[in-house]
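Take a look at the structure below.
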Amino acid sequence: MSHNSDGLLKKIPVRRGGVLLFTLWTITIGASFAWNFWQENKAVLNQARSEAKGLFHKDETYRRWAALHGGVYVPVTDYTRPSPFLAHVSERDITTPSGRNLTLINPAYMTRQVLDMTHEHSKVYGRITSLQPIHAGNTPDAWEKKALQSFENNGDDEVSIIEVIEGERYMRFIRPFYVEDGCLRCHEQQGYKLDDVRGGISTAVPLDHYYALRQKHFISLSIWHLSLYLFGVAVIVGSTRLLGTRIRENETISKELNLDRERFRSLLALADLPATTEEELIHFALDETIRLTESDVGYFHLYDEETETIRLFAWCQKVMAQCHMAEQNYLYPLAKAGVWADCVRTGRPAIHNDYAALPNKKELPEGHLPIKRHMSTAIMDGKRIVALSGVGNKEKPYNKGDEQQLALYMTRAWEIIRDKQSKDTIKEQEAGLRLFRNLIDQSYDAIFIISPREGRFLDVNGRACEMLGYSREELLQLGVLDIDVGLPKDFSMEAYVKELRQTANHLMESVHKRKDGTTFPVELNIRLIVHENTEYIIAAARDIKERQVIQKKLQQHQRNLEKLVEERTATLAQQTVDLEKSQTALQHLVEDLNEANEKLKELDQLKSMFIASMSHELRTPLNSVIGFSSILLNQWQGPLNEEQEKNLAIIQRAGKHLLALINDVIDISKIEAGALPTECETFDLQPLIEEAVDTVRAEAEGKGLVIFQETLSMEIHTDRRRLLQCLLNLLSNGVKFTDDGSITVKVVFDDSSQFVTIIITDTGIGISREDVPKLFQPFARIAPPGSSIYPGTGLGLYLTKKLAMDILQGDILLESSPGKGSIFTIRIPTRINT
Amino acid sequence: MKKKVLVIEDNADNLLLITYVLERSGYTVVSETSGEEGVKAALREKPFLIIMDIQLPGIDGLETTRRIRASAVNTMPIIAMTSYAMRGDRDKTLAAGCTGYFEKPIDPLTIMDQIHEIIGEKAT
């Protein structure tokens, strides 16, 4: 980073110096131009003034000449008439002896005439003027008056001004003239003395041709200054550029030197990296390459030439953090890889400095980091491509140096890994061999490698030495025949090997002899193997002395076991018979139960039929009872005495009670059978409550009770008939058990809830807390002791609760206290699900 | 001449009751106690109105109504009176061809008004 800030520090003064120089140059040229122009202007005006002054001097000279002579006599003509202003002068007009008339022309008259003539020939104006003019035409204008006053009072001797006269610019110029001897002849009477300011000669010189001159000079001045200015600017810019380039070149060189140093250092660091895993090494190399090529991202992938597949191996940390591609380590066929794998296809490094403009690139997968620039190279091991590595998103374009860096660095990384791998492999192989040898030595079996020709031991394991009591060296001097004493007398190695060649594996038992002469039984597992065109016999020997002992014991155990099994089998057979019996009994039981169940079902049907026919059978006689008692009570068949009427009323009431009972029983049986359909409709709750109240009103008012209503109009969707039935039951219940006071119906609805609550409060007898649950049971009769029995079916509240819960999907609550009254709360959904 | 009403009802007590009420309202009552006889009586008597019990021996009130409706005299109102308090009975009777439907027990004080309302005739 240090070289960057150095460069910055050097760059700033160069640019600043350039700007400063430029500014100075601009100011200098500007100032020069302004000064020159000002001088030029001054010179031109001075020239004009000189002209005016010249004119003045000329006029003044004429005037003085005339004054010297006290005026001159000229012949009288039309142009020169005797001046009326000189009438006071004696001998103004004279006649020559020849008779010509002459008149006196004084200097003023003469000057006026001269100046008028001058104006006729040129644009120059001129006149004489005075603060005390004799000739009214000589009266000064404002500027002339001011000038004349300044001549008199301050002793100034000339005044000039630039003014526009008749559309043209003029320089007006005035100088005084003084009273001389000659003047007094005419002007003494005005009180002038010698050397007084008599007046002034005022001239006006046209400035246009002076300005034209100034314009010409201005143009040449401009051209000259502009050329000089541009030349200077070119010199400044050129030199600044040159200087900047020099400095930048120096910077680049030193930067590259630094980079090279860094690269070299980094390469050294790579080689010196302590024992790390491949991943760490590659990551280190990758991060270094990214840093040294000033890239943003990088990757390193392995390549398998045979299968033409790329194994994604490592991404730099940044890619790992920013890329959100699902899989991160998988095989990728070369054919499917994008332009980033071109280096593998061509074998040459690929630089893509404008990635977006590449014609044949594939779309990046979703979640992939956006790529601006990219450079990749194939990593070679000899002539083989073994990997590819790339970096991307450098700020500046990638160049040859970056490419070399990438190739050099990643190739080196690969070499280190390869060397490390091969070293590791050898170490691993050695370690593996040692482990293997150790395992072989520790094997439970004695292992012999035997030459097939003479049966000599070529190698043996530790167990073999241990089992036979020889050292390894001793055993390697011996052969099969020295230790195996179980072989047949006619054993021939040659024949045996032939036999072995036919079978894969030969299993046999034999007897081995130890060094001390003792013998032990062995089981041998022998096979013939071919290794590098040479035949070997491998024999594994296992001491089976213990096994033989165990086998004998096992045989004994087996016999015992067999006996035991026989006994147990007999017991089990008996148990099975018992179990079968139990099962049969159980089956009978289940059959009985099924039968009972069938009977129950029949009974249930019977019950339904019974209720249906009971309804009919009971209603038919009730029709007569209620009908005829009604006819009699209505006195259709003649008047009744008081007692007859009373008794008939009892008959009618009993009949109606019986009818109500039947209706309740039918409803309950239907609800219990689930056969009472819900008939939903949408309606207003308020009229429903009024209908219920109206139905019981007569009865209530007959008892002197007041019914209060606190209802509200709201739509609900439920079974209207059943809700009315519930409310009627609760209301008539309240009326029935209240002797004085009131019944209150109140509707409570909260918008947020999906339930409406109807509260029916009475001031009746009430019941105790423990009796509350009983009240909703069928045929519950909770009468306070000593009170008369209240009429009713005994099913009303039971039915009401069933309707409220099963049909209206709500609930009923009761709060009550004896002597104070009861509060029935029915809470139902405003919209029920059907 | 008094208008004729045919009552088909198997229960003598109930027949007595409805006959009393009808006659008191100024109708002549003809009665039968079975469906088959009822159909014959309807053809024979051509009554102004038929009061029909539903549960009858033999063919029931519904079938009787259907047969009357299928016969030559099929325009008079038929009012069903039933002690079947099961839901759906009303629809069944109306489907069979009945003009109106009453559930027993009837109220003698109001029944005539109700009948008149159904058949659209002022009480006499």
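Just so you know, glycine gets a Cβ as well, placed from its N, Cα and C.
Computed from a predicted structure; not experimentally measured.
Residues or ranges marked as coiled coil by TrEMBL: A:547-606. The domain 'PAS' feature in TrEMBL is assigned to A:432-476. What TrEMBL records for A:506-556 is domain 'PAC'. TrEMBL lists A:613-832 with the feature domain 'Histidine kinase'. TrEMBL lists A:20-38, A:223-244 with the feature transmembrane segment.
Tertiary proximity for the transmembrane segment (A:223-244) is limited to same-chain residues at least six positions away from its ends with a CB under 8 Å from its CB atoms, namely 11, 14-15, 17-18, 21-22, 25-26, 29, 32-33, 36. Same-chain residues lying 6 or more positions outside the transmembrane segment (A:20-38) and placing a CB less than 8 Å from one of its CB atoms are 218, 221-222, 225, 228-229, 232-233, 236-237, 240. When pLDDT values are averaged over the domain 'PAS' (A:432-476), the model yields 88. Assigned with DSSP, the residues of the domain 'PAS' (A:432-476) fall into helix, strand and coil as follows: 23 helix, 10 strand, 12 coil.
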